[in-house]
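Below is one structure; the comments refer to it alone.
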């Protein structure tokens, strides 16, 4: 980091933290008592603060990473400041831990941007700094910095895990991956993604070696699998790679720490008789393939300033013209998946405090044909997603898509929080956008954040059978 760039980034970190603290103060004044999932998280964390580590609320479905981290942060502060009474592990103090994670996320995002875009070091520092700042204010993630949820800490440890992998510190990366799993069990998918990135790099090397004599410049393009012969080539190569003892040894030599974490997670699942540790009735896995389409649409909206342009739309129309049979098959497959594999969670239909409730009610429930009429948008959103990553190698993209499927499809509940990590990984690996596009992205995120926070604070309502104040949120 150049000295001047360091000053700029430090100033932005300080400004971001100050603004977040002001927003935090306002939100905490308006909502002093635990709200929504905080009704479970905060009492559990307070038990840990009191040293009652053997007491557990059976309604909590995640491991105790958030509570352990909170105690690890708060207890030294309490001891140094000689604090006593209700302020210790109060709702406000516990929520403030997520503001610290927010600062950490901003710094990690900046380091990852710098590492992933080394070839663009000659570009202006403002693009790297603004890219990290913009992503740290990604609306769904930023909102939960002000409540005692697992999202800020979970994202922090996943980003830290990935950063250490990029720097080749695989033991540290695997250990941080364990910490991320303690926040949310499904983070094991992104630990596997780190291992998959290493496997993909080895496969890239082998693929280039195999095609060096042929001088096939397009052999690593994302366009290869779109033909029958391309798919066949990739499948045969993958099978050959996975059955080659020398290749397996080379992969295990670097990826063994992640394999250890994976084995440990399998042991946990067997002993726990499942992934969920608490209320399992509301967290049943299923093959909800349309979740992938929802994610593509979600990604298209939030990446509009950085991914969409006239030339990309033109390329899509040209692709339709060149490969009509392929896109027809994709559309028919999408119709089948939407028809046979759409699942609707009871929470989505019953809890009118969440934005997805209104998305589903006012869009999908207007008519039974709406879910099918949206398929052209899904196809374009999926194509735009892949086209934005065409600078990445084929096998990296395949590893990412496999992990994306594993992270989205088994989820029955449409919950935008589940899209945070895959979206950030997608956005981080796009080519570094121009400064005007980054400014538009930051403006979009700021506008959405302002709207959602304003609605949360000001647009309260009451249920007929309850006197408690209800608020709208992600």
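Placement of Cβ uses the backbone N, Cα and C atoms for every residue, glycine included.
Per TrEMBL, transmembrane segment is recorded for 6-25 (among others). If you look at the transmembrane segment (6-25), the same-chain residues 6 or more away from its ends with a CB under 8 A from one of its CBs are 95-96, 99, 102-103, 106-107, 110, 125-126, 129, 132-133, 136-137, 145-146, 453.
Below 8 angstroms of C-beta separation, residues 40-41, 44-45, 48-49, 88-89, 93-94, 97, 100, 148, 150, 153-154, 157, 179-185, 276-280, 282-283 of the same chain, each at least six residues beyond the ends of the transmembrane segment (60-81), sit close to that stretch. What TrEMBL records for 60-81 (among others) is transmembrane segment.
Annotated transmembrane segment per TrEMBL: 93-113 (among others), in sequence order.
TrEMBL lists 125-146 (among others) with the feature transmembrane segment. Here the transmembrane segment (125-146) has Cβ contacts under 8 Å with residues 2, 4-5, 8-9, 12, 16, 20, 23-24, 27-28, 95, 98-99, 101-102, 105-106, 109-110, 113-114, 117, 152, 155, 302, 416-417, 419-420, 423-424, 427-428, 432-435, 438-439, 441-442, 445-446, 448-449, 452-453, 456, 473-474 of the same chain, all six or more residues outside its ends.
Long-range Cβ contacts of the transmembrane segment (181-200) within its own chain (Cβ-Cβ under 8 Å, at least 6 residues beyond either end) map to 62-66, 68-69, 150, 153-154, 157-158, 161-162, 165, 170, 173-174, 251, 254-255, 258-259, 261-262, 265, 275-277, 393, 395-396, 398-400, 402-403, 406-407, 418, 421, 425. Residues or ranges marked as transmembrane segment by TrEMBL: 181-200 (among others).
The annotation transmembrane segment is assigned in TrEMBL to 251-271 (among others).
The transmembrane segment annotation in TrEMBL covers 291-313 (among others).
Per TrEMBL, the feature transmembrane segment maps to 325-349 (among others).
The feature transmembrane segment is assigned by TrEMBL to 369-386 (among others).
What TrEMBL lists as transmembrane segment is 393-414 (among others).
Feature annotation from TrEMBL assigns transmembrane segment to 434-457 (among others).
Highlighted: of the candidate stretches 93-113, 251-271, 291-313, 369-386, 434-457, 369-386 has the greatest count of Cβ pairs under 8 Å to the transmembrane segment (325-349). Here the transmembrane segment (291-313) has Cβ contacts under 8 Å with residues 138-139, 334, 337-338, 374-375, 377-378, 380-382, 384-385, 387-388, 404-405, 408-409, 411, 414, 416, 419, 422-423, 426-427, 430, 433, 437-438, 440-441, 443-445 of the same chain, all six or more residues outside its ends.
When Cβ-Cβ distances below 8 Å are used as the criterion, the transmembrane segment (393-414) is approached by residues 186, 189-190, 192-193, 196-197, 199-201, 203-204, 207, 220-222, 224-225, 234, 283-289, 291-292, 294-295, 343, 345, 347-348, 356, 359-360, 386, 421-422, 425-426, 429 of the same chain, each at least six residues removed from its ends.
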